[in-house]
Every structure is written in structure tokens, then in C-alpha cells.
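If you look up Swiss-Prot, you'll see Cys188 marked as active site, acyl-thioester intermediate. Taken from Swiss-Prot, the feature substrate binding site applies to Arg68, Gly69, Gly70, Gln71, Val72, Thr73, Phe74, His75, Ala157, Leu158, Gly159, Gly170, Val171, Ala172, supported by sequence analysis. Sequence annotations record features per position, and here Swiss-Prot assigns domain 'BPL/LPL catalytic' to 29-224. Annotated site 'Lowers pKa of active site Cys' per Swiss-Prot: Lys154, in sequence order, evidence recorded as sequence analysis.
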Amino acid sequence: MTIDTRQLGRVDYLPTYQAMQDFTAARNEATPDALWICEHPAVYTQGLAGKIDHLLNPGEIPVVQTNRGGQVTFHGPGQVVVYPLIDLKRAGYFVKEYVYRIEESVIRTLAHFGVTGHRVAGSPGIYVRMDDPFSHAALSGPVHPSDPFRGLGKIAALGIKVSRHCTYHGVALNVAMDLEPFSRINPCGYAGLKTTDLSTIGVSASWQEAASVLGQKLATYLAP
């Protein structure tokens, strides 16, 4: 069964969040899986593990409490957000592999633009070397005991929810954003974690191009 890919454009977060929940509650064994690709106006979203003290200074940017895993993150213009709505039972893999496949899709998307993405154990999402994001060298050596992200910038965030073996929420890839709002939070609960985007590391890519590539990679890697 093919994945139904939908380009939603720029849409408010709250109605999209509600639509994901409604889709998941209403779907049955015959419902095709879907990828919703969109962009949101500026908003902070809190995951179930989120702590209020990680919201340092949200200012006028709204904060939405959600039921996804993880902690606080920021969505805004210039970021590609993809919500995979996948029946894991039908797909034939479990949550851990699902997360791995999403991360692999981001890594392959970055590779399309010549950038090397990295995983950090225990910290879902994808990171790049800030000193040389195009280096193919693997991360090596022990991580710094007090700063496992030293030298890295987070370029993609991941947060999911699984209900009746069906997924919603998803992944956000930073393309060309105003990164200042990330400085007002501890991204994903980590104080001082640097956040970056493709533009900052020297990649000139349009939102539409990045969205198209990421959508294609997810459709490929999330297939059964």
C-alpha cells in the first residue's frame, strides 16, 4: 500500500495537531498511511516529558502542550515539518525501528545536500558538526561527560506518539529559519544545545526542495 503524501503548506499548529488525532482515531486496517508535509507559524510545543523551566523566555510565541514524547521544541517558518501517519502493525516493524527509519530518512536528505548527519545515543534527532558539516568522518572518541553535544548543532528534531499501533507527530528539519526563538528555550530539555539549519551551515536550499527530498526519503524508508 502506497503512502498518501499531502503538502499542506503553512498551517497553524493546533488544528493540525487535532487533525492528526482525529485521523488516527478514525482510521482502520484499510486506511492508507499518510505523510503530511507542512510549515507552521512560530510556536513552542511541549512534549509529555517537558518541564516549565526549560521555557526560558517564550515571550509572545504561543506554547502548546502536546501528547508526544520528548520535551520542548520550536516550530516556525523555514522549517519542514513532516507528520508520518503509519500503521506499524501493518508495516511490520516496532517503534524503535520506526524512529531509526525516520532518522535515516533525515540523514539521507542531508546527504542529498552534501551534509553529514549524525545520531547521538539517547538523544533522538539528527545533529551536524558545526566546524565541518560536510565531513564524512564518523563521530569518534568518548563524549564530553558534561556536554555530549560539544561541537554539534541540532538540525532535526523528532517527537512521536503511538496510539493503537498507529503513529502521529513526527520530524522537523530546519532549512532557513530565524533561529533566535531556540535561544529562549532549552531545546529538547538540554541547556545550551545549539540549533542550526541548512542555511547557517552554507547550504542554499528552498523550503520546497527540502520538503520534496525529505518526503521522498520518508516514503521510501517507512515502507514495509
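One is the number of the first residue shown, and numbering goes on along the chain from there.
Placement of Cβ uses the backbone N, Cα and C atoms for every residue, glycine included.
Feature annotations (Swiss-Prot) mapped to structure.
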residue: Arg68; record: substrate binding site; Cβ contacts under 8 Å, 6 or more apart: Thr45, Gly47, Leu48, Gly159, Ile160, Lys161, His169
residue: Phe74; record: substrate binding site; Cβ contacts under 8 Å, 6 or more apart: Ala42, Val43, Tyr44, Thr45, Ile61, Pro181, Phe182, Ile185, Pro187
residue: Val171; record: substrate binding site; Cβ contacts under 8 Å, 6 or more apart: Val81, Val82, Pro84, Ile102, Ser105, Val106, Ala156, Ala157, Leu158, Leu214, Leu218
Take the C-alpha atoms of Gly70 (substrate binding site) and Lys154 (site 'Lowers pKa of active site Cys') and report the distance between them in angstrom, rounded. 15
Counting across all protein chains present, how many other Cβ atoms fall within 10 Å of the Cβ of Gly70 (substrate binding site)? 22
Could you tell me which three-state DSSP class Phe74 (substrate binding site) falls into? strand
Report the mean pLDDT of the predicted model across the domain 'BPL/LPL catalytic' (29-224), rounded to a whole number. 93
Given Lys154 (site 'Lowers pKa of active site Cys') and Val72 (substrate binding site), what distance in Å do their CA atoms have, once rounded to a whole number? 14
Counting every protein chain present, what is the number of Cβ atoms, excluding its own, within 10 Å of the Cβ of Ala157 (substrate binding site)? 27
